[in-house]
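TrEMBL annotations:
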type: REGION; residues: 1-57; note: region 'Disordered'
type: COMPBIAS; residues: 1-20; note: compositional bias 'Polar residues'
type: COMPBIAS; residues: 22-31; note: compositional bias 'Gly residues'
type: TRANSMEM; residues: 114-138; note: transmembrane segment
type: DOMAIN; residues: 116-683; note: domain 'Major facilitator superfamily (MFS) profile'
type: TRANSMEM; residues: 150-170; note: transmembrane segment
type: TRANSMEM; residues: 182-200; note: transmembrane segment
type: TRANSMEM; residues: 206-228; note: transmembrane segment
type: TRANSMEM; residues: 240-263; note: transmembrane segment
type: TRANSMEM; residues: 283-302; note: transmembrane segment
type: TRANSMEM; residues: 396-416; note: transmembrane segment
type: TRANSMEM; residues: 541-564; note: transmembrane segment
type: TRANSMEM; residues: 571-592; note: transmembrane segment
type: TRANSMEM; residues: 598-620; note: transmembrane segment
type: TRANSMEM; residues: 632-653; note: transmembrane segment
type: TRANSMEM; residues: 659-677; note: transmembrane segment
């Protein structure tokens with residue numbers, strides 16, 4: 001079988017030649033570099049006194065950090081040689097991983113990683129915002145666009161559908177085209193279609209734009225974690241990937257806070273006639289695109305992942321980026337004289353020769369077709385490789401864990417606010433006023449009617465003018481010679497009524513409001529166009545507060561998981577968090593009030609976030625660089641599928657029973673948590 005790696009390395013020198021890698025036990029890094037001449041050595045140490053550089057812990061018997069790192073490198077090399085001698089066949093990609101780890105240790109963790117941390121964090125924040133946008137605008141958008149219940153349900157799920165497609169597509173492409181390039185394109189698509197969706201007046205266009213906005217942002221999670229992890233050393237990886245997870249929480253806080261501050265303000269919008277309305281909820285949609293725009297701008301100043309470049313045999317680019325990271329970090333630490341001493345880097349073979357040959361022949365369309373087909377084949381090949389013998393079991397376990405976690409988390413995320421709304425509705429209905437067999441003649445109703453039921457009433461020669469009618473039902477009633485003018489209605493219905501010689505002028509009452517009614521000589525003049533938008537009623541502050549508190553409750557779990565991820569381990573973190581979260585779901589049986597539901601939501605979110613952090617860290621570490629974003633994209637797409645199923649199933653039981661959602665979430669979390677304990681520990685695992 002052909003070795004996927006060339007037995008060569010890149011040597012940075014005057015003639016840009018290649019030398020043999022691995023001869024004599026050398027790995028091209030650390031203390032085994034080719035000897036420098038005396039002048040070069042004196043230049044590197046000029047102006048430095050060895051006595052001045054004395055390590056202050058030397059007299060206390062504390063080893064120097066550089067000595068510790070050197071010992072760790074030597075141990076890894078010895079372990080690899082031992083495995084090879086035992087016939088286990090240490091792979092060439094493991095040697096590359098070991099060398100790359102040593103290079104990242106030498107580059108240090110500093111200004112460059114923190115800058116990239118903020119940029120990739122903004123991209124992750126944009127994903128968090130996207131999950132909240134539709135939920136916050138739906139109460140306003142459904143009135144603004146006159147949406148039916150079926151349309152509302154589709155609008156709520158369309159973003160997850162787009163994110164599912166985007167995770168699969170961009171995850172697969174990032175392993176072939178590049179992390180940075182795919183992330184930039186994905187964020188650009190999200191920004192463009194998010195911007196267009198804020199101006200879409202019709203339901204169809206709004207649905208279409210939100211779908212493609214979701215497809216764009218769907219690539220952020222699988223690419224961001226893979227991209228950022230490839231700039232981290234092993235000792236920093238678990239902790240700093242957990243800190244990165246906090247940006248998703250920040251996205252939820254940002255969305256909740258801005259929705260709270262923008263949507264209820266009707267005056268923040270404008271209109272152009274009756275055909276174009278730009279209400280404040282559309283302003284909120286625009287504001288939600290800001291994190292993606294900021295991440296897009298920041299990414300233009302960031303380099304491609306050097307690990308990806310090495311996997312694709314782009315030696316010069318990778319070496320220059322690694323040198324830039326090294327120099328940036330050590331200059332920021334006050335040591336600009338530190339020299340980047342890496343001269344040799346192991347690289348794999350170039351696999352895209354067919355594309356390069358075709359780039360100089362044929363028409364533009366033929367070249368595009370060849371590249372597209374080749375690219376698709378490479379992505380499909382990567383996807384199929386996830387079922388290879390060495391990855392099959394891990395992929396199966398990770399798929400089940402991702403699915404069960406997402407099914408419970410997203411299902412309960414929908415169930416919590418829906419239960420609060422249901423409790424509010426029950427409380428509201430308990431205060432309904434009943435009027436039975438009332439008879440009103442020659443009377444003018446110039447005051448609003450709310451939360452009332454009128455049965456078998458008679459209204460003769462009455463006027464209803466300049467009022468709002470909310471949650472009112474007229475059942476088996478008679479309206480004769482009545483006049484309705486300038487009426488705004490919400491949840492108002494006429495059931496089995498007889499309406500004679502009555503005029504409806506400038507009202508929003510339509511055929512949907514009259515159920516099994518007998519209309520005789522009834523006229524509708526100048527009906528209102530569009531739907532009535534009541535910002536005070538449709539934007540309950542409690543809903544924003546619930547989302548805000550749920551996002552904020554994640555903070556303690558994020559901090560704890562970041563501090564203990566490397567101490568406890570990914571496996572125990574995931575399993576423990578999921579099992580404790582399963583126990584928390586039983587407290588939902590005690591949720592009889594809005595305050596109780598909010599409290600249990602905060603508890604569940606705070607505990608379960610540790611599992612999410614562990615899942616994302618271990619997903620990065622289980623898969624080799626050539627398949628990392630493909631695997632992450634597949635698993636994240638499965639996560640969004642679970643989100644669609646969970647939110648749909650859990651929402652259907654609101655107001656019916658709490659038992660089914662609680663038992664479903666408990667069973668899923670227990671199953672995933674126990675299975676997580678079977679995963680391999682990747683704390684000390686090199687990124688292959």
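Positions of Cβ are set from backbone N, Cα and C atoms, glycine also.
Contact between the transmembrane segment (206-228) and the transmembrane segment (598-620) is supported: at least 3 Cβ pairs lie under 8 Å, counting only residues 6 or more apart in sequence. Most Cβ pairs under 8 Å with the transmembrane segment (396-416) belong to 571-592, among the candidate stretches 114-138, 150-170, 571-592.
Between the transmembrane segment (283-302) and the transmembrane segment (114-138) there are at least 3 Cβ pairs closer than 8 Å, counting only pairs 6 or more residues apart in sequence, which means the two stretches are in contact. The highest tally of CB pairs under 8 A with the transmembrane segment (114-138), across 182-200, 598-620, 632-653, is held by 182-200. Contacts between the transmembrane segment (240-263) and the transmembrane segment (182-200): absent, as fewer than 3 C-beta pairs lie under 8 angstroms at sequence separation of six or more. Only residues 6 or more beyond the boundaries of the transmembrane segment (182-200), in the same chain, are considered here, and those with a CB under 8 A from a CB of the stretch are 123, 126, 130, 166, 170, 173-174, 206, 208-210, 212-220, 223-224, 227, 278, 282-283, 285-286, 288-289, 292-293, 295-296, 299-300, 629. Long-range contacts of the transmembrane segment (150-170) within the same chain, counting only residues at least 6 positions beyond its ends with a Cβ under 8 Å from a Cβ of the stretch, are 127, 130-131, 133-135, 138, 141-142, 182-183, 185-186, 203, 206-207, 210-219, 221-223, 410, 629, 633-634, 636-637, 639-641, 643-644, 647-648. Mean pLDDT across the domain 'Major facilitator superfamily (MFS) profile' (116-683) comes to 85 in this model.
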